[in-house]
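The structure under discussion appears below in the form of C-alpha cells.
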Amino acid sequence: MAESHGGAKNPAAGAHTEAEGGHGGGFPPFESSTYASQLVWLAIFFVALYVIVSKLALPKVGGAIEARQNKIEGDLAEAQTLKDQSEAALKAYEGELASARSRAQAIGNESRDKANAQAEAERKALEEQLAAKLAEAEKTIASTRATAMSNVRGIAADAAGTIVQQLTGVVPDAASVNAAVDASLKG
Amino acid sequence: MKIDPIHQFNIEPLFTIGHIGNQTIAFTNSSLYMLVAVAIISLLMLASGTQLVPGRLQSVAEISYEFVASTIRSTAGSEGMKFFPLIFSLFMFICVSNLVGIIPYTFTISSHLIVTAALALLVFFTVLIYGVAKNGLKFFSIFVPHGVPGYILPLVMFIEILSFFLRPVSHSVRLFANMLAGHIALKVFAGFVAMLGFSLGALGWFGGVLPLALTVALYALEILVAFLQAYVFAILTCIYLNDAIHPGH
C-alpha cells in the first residue's frame with residue numbers, strides 16, 4: 001500500500017511546484033507554528049474520547065452484547081430441557097404402549113386357553129353323557145329282546161299245547177311241551 | 001486553473017484561545033474535525049440503543065466493538081483487553097477521522113505528522129511504562145532473542161533496541177504518509193479533469209474521462225486505505241502492547 005502511494009507522490013510533487021505561486025506558504029504538515037494548537041486540541045479531544053469510550057460507550061455496547069449472549073444461552077438451555085422433557089415423555093409413552101400391548105396379548109392368550117379348556121370339558125361331558133345314553137339304550141334293547149324272546153317261548157308253548165290237543169285230543173303235559181319248545185327254539 | 005494539492009492540508013485558525021510561551025493556541029479546522037470525529041464516535045456508540053435485536057446503528061457499534069476486541073484477543077491475548085478502551089479509542093478516532101477526511105472539502109487530521117506522532121508516542125510510552133511496571137527489568141528481555149549464538153548477540157541486541165526506538169517513527173509516518181500521499185494523488189487527478197475541461201474545450205471534456213476514471217478508482221482505494229491504516233495502527237499497537245504484557249516471546 002505504502003509503495004503505491006509513494007509512486008503517486010511524484011506527479012503530486014510536480015503539480016505542487018507548478019502551483020507554488022498560488023499557494024505562497026511552506027508545506028502545511030511541517031509548519032511548526034501550528035504544532036502547539038494541534039497537540040493541545042488533540043490531547044483535549046483524545047482524552048475526552050478515551051473517557052467517553054471507557055466509561056460509557058464500551059460498558060454500554062459490551063453490556064448489550066453480553067445480555068444478548070446470556071439470553072441466547074438461556075433460551076438454548078430452556079429449549080434443551082424442553083426437548084429432554086418431550087423425549088422422556090415419548091419414552092414413557094412408548095414403554096406404556098409396549099407394556100399395554102404385552103398385557104393385551106397375555107389376556108388374549110389366557111382367555112383363549114380358558115375357552116379351549118371349557119370347550120374340551122364340555123365336549124367330554126357330552127361324550128360321556130352320550131355314551132351313557134347309548135349304553136342305557138343298548139341295555140333296554142337287550143332287555144326288551146329278552147322279554148320278547150321269553151314271550152315268544154310262552155306263546156310257542158301255548159300254541160304247541162293247543163295244536164297237540166286239537167290233533168290228539170289229549171291235553172299234553174306242560175313240562176314236556178316246554179321241554180319240546182325249548183329244544184326246538186335251541187335248534 | 002492551477003492545481004494546488006497542498007492547500008487541503010492548511011491549518012486555518014478559527015479563533016484564538018490564548019498563548020503558551022510564544023506559541024499561539026487556536027481552535028483550528030483541525031480541532032474542529034477532531035471534535036467531529038469524537039462527536040461521531042460518541043453518537044454511534046451512545047445513541048445506538050441496546051436492543052436485543054440490533055438495528056443498523058447498533059449493529060455498526062457492536063461490529064466495531066467485536067472487531068477491535070477480537071483483534072486484541074488474537075494479537076495480545078485476553079490480558080490485552082486491559083487496553084481495550086485505548087485501542088478502541090485509537091482505532092475509532094483514526095478510522096472515523098480518515099473516513100470523514102475523504103469527503104471533499106473536509107480536513108484530514110492524520111495528514112499531519114505531529115498528530116500521528118503524538119498518537120504513536122502515546123502508544124510507545126504506554127508500552128514502555130506498562131512493560132517496566134509489570135515486568136520490571138525482565139521487560140528488557142525483549143531485546144535479547146532466544147537461541148541466538150553469543151558472538152552475534154551484541155549485534156542482534158543493537159538492532160532490536162534500535163528497532164524498538166524506531167517504532168514510533170514507522171508507526172506514525174506510515175499513517176501520515178499514506179493519508180498525505182493519497183489525498184495529494186486524489187487532488188492531482190481530480191484537478192486534471194477540471195484543467196482539461198477548462199483549457200481544451202470540447203476535446204478536453206473527452207480527455208478528462210481518463211483522469212476522472214482514475215479519480216473514481218483512487219477514491220475507492222482511499223476509502224479502503226482510510227480504514228486499513230486505522231486497522232494497521234491499531235494492530236501494531238496491539239503487537240507492541242503484547243511485548244509489554246508477554247516480554248518472554
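Note that Cβ sites are derived from N, Cα and C of the backbone, with glycine treated the same way.
Listed features, source TrEMBL:
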TRANSMEM  B:32-53  transmembrane segment
TRANSMEM  B:83-106  transmembrane segment
TRANSMEM  B:113-133  transmembrane segment
TRANSMEM  B:139-163  transmembrane segment
TRANSMEM  B:184-206  transmembrane segment
TRANSMEM  B:218-241  transmembrane segment
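Just going by CB pairs under 8 A, the stretch in B:113-133, B:139-163, B:184-206, B:218-241 that sits most against the transmembrane segment (B:83-106) is B:218-241.
If one looks beyond the transmembrane segment (B:184-206) by at least 6 residues along the same chain, the residues whose Cβ comes under 8 Å of a Cβ in the stretch are 1, 3-6, 8, 212, 214-215, 218-219, 222.
Under 8 Å from some Cβ of the transmembrane segment (B:113-133) lie the Cβ atoms of residues 30, 83, 86, 90, 93-94, 139, 142, 167-169, 171-173, 175-176, 233, 236-237, 240-241, 243-245, 247, all in the same chain and six or more residues away from its ends.
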